Amino acid sequence: MAATVRRQRPRRLLCWALVAVLLADLLALSDTLAVMSVDLGSESMKVAIVKPGVPMEIVLNKESRRKTPVTVTLKENERFLGDSAAGMAIKNPKATLRYFQHLLGKQADNPHVALYRSRFPEHELIVDPQRQTVRFQISPQLQFSPEEVLGMVLNYSRSLAEDFAEQPIKDAVITVPAFFNQAERRAVLQAARMAGLKVLQLINDNTATALSYGVFRRKDINSTAQNVMFYDMGSGSTVCTIVTYQTVKTKEAGMQPQLQIRGVGFDRTLGGLEMELRLREHLAKLFNEQRKGQKAKDVRENPRAMAKLLREANRLKTVLSANADHMAQIEGLMDDVDFKAKVTRVEFEELCADLFDRVPGPVQQALQSAEMSLDQIEQVILVGGATRVPKVQEVLLKAVGKEELGKNINADEAAAMGAVYQAAALSKAFKVKPFVVRDAVIYPILVEFTREVEEEPGLRSLKHNKRVLFSRMGPYPQRKVITFNRYSHDFNFHINYGDLGFLGPEDLRVFGSQNLTTVKLKGVGESFKKYPDYESKGIKAHFNLDESGVLSLDRVESVFETLVEDSPEEESTLTKLGNTISSLFGGGTSSDAKENGTDAVQEEEESPAEGSKDEPAEQGELKEEAEPPAEETSQPPPSEPKGDAAREGEKPDEKESGDKPEAQKPNEKGQAGPEGAAPAPEEDKKPKPARKQKMVEEIGVELAVLDLPDLPEDELARSVQKLEELTLRDLEKQEREKAANSLEAFIFETQDKLYQPEYQEVSTEEQREEISGKLSATSTWLEDEGFGATTVMLKDKLAELRKLCQGLFFRVEERRKWPERLSALDNLLNHSSIFLKGARLIPEMDQVFTEVEMTTLEKVINDTWAWKNATLAEQAKLPATEKPVLLSKDIEAKMMALDREVQYLLNKAKFTKPRPRPKDKNGTRAEPPLNASAGDQEEKVIPPAGQTEEAKPILEPDKEETGTEPADSEPLELGGPGAGPEQEEQSAGQKRPSKNDEL
């Protein structure tokens, strides 16, 4: 027994330790349950959150607006973000950065960089010598990359979300344009890393919009495919997307709605910003014409004036969307000269005529990539702020040939809502209704490599090969494996973009490098030397195009295989037990597939032999993993494996699902079948087949990024530190401003209070003069030296003033509380006295309170009355300017003491059982009164209210209870006058108590 106890103690300690760890994890998880999304537009961003109790809500910024400008102002000692930075664009346009997302992932010679310089000449862009990208130079000491500026914006968006959610947030889904390539997507991920955000996914903004549309129309989606076109014209670009909605059967959740991106078309520079720039140029021309002959400078040479004109152009574009003409006016545009000019919608449309001609372009691209016609499109829905321009809607309606354009979606917030729904689905803290999302690859990716071939005996040459890895408009996320079968030494291969013929010449120049990565493999020859007796199954490279659309090379392996013959005696008991357990939890995978870490290899289909003449060139060495993504929908059963895979006789379906248990498969070891029956005699006579053993050797990989090198880790660490220092400086600035505002507010409020009657009654003239003089001195100091004062100095000044005014404020506050507190005390004393008087009137036989308890209550009541009268009398003698002796906290203490005594007696009366009356000498109780009715004599005992147990009637000693059930098994019913007929009949059937039974 002692040994058993000793064994149980460690187990109990271990259990408690596990419980503590789980509770700690739950508490930590509850602190970070909220997730957020950032719809990152060119001009503004929308932030949404999901947290327990708050489903999918748009975050309001500090100005209570639902969208925030993507603007940053950087100065030597301060930084502004959002609306504050937008206001600084007029005062300091050089330090105010906008539309910097157009520079992400671009090198200095990119046409987009030159376009940015022409649009915003006030910004100084310098070349980063390490990456050949550009940096903003505010001053020689202030230089920031576009990724760093974007990191500031993302960090600001998180602070807005955390203030709104009232809890920390670290997980986010960020929207990016669908046309972003690999370099641009990696730049956004690096910016999020600088901001300390964990990116759950980079979701395309068109996909997020389509998801938001589908989530709120889930009931309208059925097995019939519905094709919807979304035309999104924002500030910086235009994207047209064709989406197919229908319900599909999934492995995890059965029939669920799905959206599939079928076609995408885009124009990188067509948007509201270009329209505003055209209007700005028109207004600048009008202003110069108005000042012609005054020998004035060109307004285009004044950055502040151009910033004012751009703001007015933005307003004009909005107003002209609803009005035929409008008057543009700016006070003090330049050199204190006001500007005023009339602009009509016709003039605006003439300025942007070539832009409106480009509106149908993305529609045609989307239809072409989807291989659809306009007749197959059921609805065209407008998204984005620039689609509110009437001419855009007119041209688009003519291009699509529909009766009307759909406007049944929030054009500004749809992407943010769809992204936050995806964030909740990806987070482990929420459970949402499944909605399958199948995004599409915009730019195809292929693998290129060179190998030696022998065309003629003795004549060898190099052959260049291309294999498509991810095809255009193919779904992602997706994993692919490519097998190189004819290499036994180290070699290189290249990852590049595929055919980009669908892009125009200008788009190709903006796209940048079409070469992604060069992969150098090391250790291939050593792996062949390590397994000389094994047959090579090729060099397998595993690729992953993740949910964010970012390509990565997971690993490269050299796979070998041989035939091994095992006798039944070679398998030990432990091995059999291990195989059995593995089959139970792993879906019945055979033991030979578990050796040397070959699980992932066994789950993949073998690719056909390299260079097969009877197959297309693109498929000679490419294969896709058999294991689909988690949200992959059910597909038709795969075709019969060929080549080596067919010889293995494996069944990929069984290995994927793991639904077929080990016992249901043919037993290869000659053991009993699932019912325990002996194997068939024919099987016993067959020789045991040899099993295949696979060996996997990891191959070293050296990557050379060709499109745009990522920031080195040391540079990234410096950028993170730079942003943290800026954030800390902003927090210190906010703390200082808060302290200064508190000090200034205290001075003004106290100066006003000194003239109020209730403050003058409790203070002398000398006291008020002392306080007033100190307040005036502090106010003067704040005006003269407050700008250079630190946060500590401001807080010390405030603490000094509060200490000086503490006595005055205390006296006023106490006098405000006296009437309410004294009235409550009087009521409690009166009720307590009445309660005590009633308690003393209770007959001695029924008394539940002892004399000591009642005496104690009486003493407390008397002491409280005496304290109140004495304190009031003493307070009346004191002048109002002195510290009062009647304190509100003392009154509350007296009330609590008295209430505690009363509550004790009330609870005792509530739960005390009545005592039985004493019996007479002959063993009977006193006769009932003569005026008592027969019904009263026959009345049975009813338990008192609040009593937990039912009272039992007292029986005579010589009588016994009849019946098989206890006397208190049923509630007692009232018999006699006043009882119902049913109660009378029930009472008559029971034994009537004698006189001695009555209480």
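Glycine too: its Cβ is placed from the backbone N, Cα and C atoms.
Sequence annotations record features per position, and here Swiss-Prot assigns compositional bias 'Polar residues' to 574-583. Marked as compositional bias 'Basic and acidic residues' by Swiss-Prot: 611-626, 641-668, 949-962. Annotation source Swiss-Prot lists compositional bias 'Low complexity' at 669-680. As annotated by Swiss-Prot, N-linked glycosylation site applies to ASN155, ASN222, ASN515, ASN596, ASN830, ASN862, ASN869, ASN922, ASN931. Marked as region 'Disordered' by Swiss-Prot: 567-694, 909-999. Taken from Swiss-Prot, the feature motif 'Prevents secretion from ER' covers 996-999.
Neighbour counts of Cβ atoms within 10 Å were taken for the glycosylation sites ASN155, ASN830; the minimum is at ASN830. DSSP classifies ASN515 (N-linked glycosylation site) as strand under the three-state reduction.
Fewest other C-beta atoms within 10 angstroms, among the glycosylation sites ASN515, ASN869, are seen around ASN869. When the glycosylation sites ASN155, ASN222, ASN830, ASN862, ASN869 are screened for a C-alpha within 10 angstroms of the C-alpha of ASN515 (N-linked glycosylation site), no residue qualifies. The distance from the Cα of ASN869 (N-linked glycosylation site) to the Cα of ASN222 (N-linked glycosylation site) comes to 82 Å. Here the CA atom of ASN222 (N-linked glycosylation site) lies 41 Å from the CA atom of ASN155 (N-linked glycosylation site).
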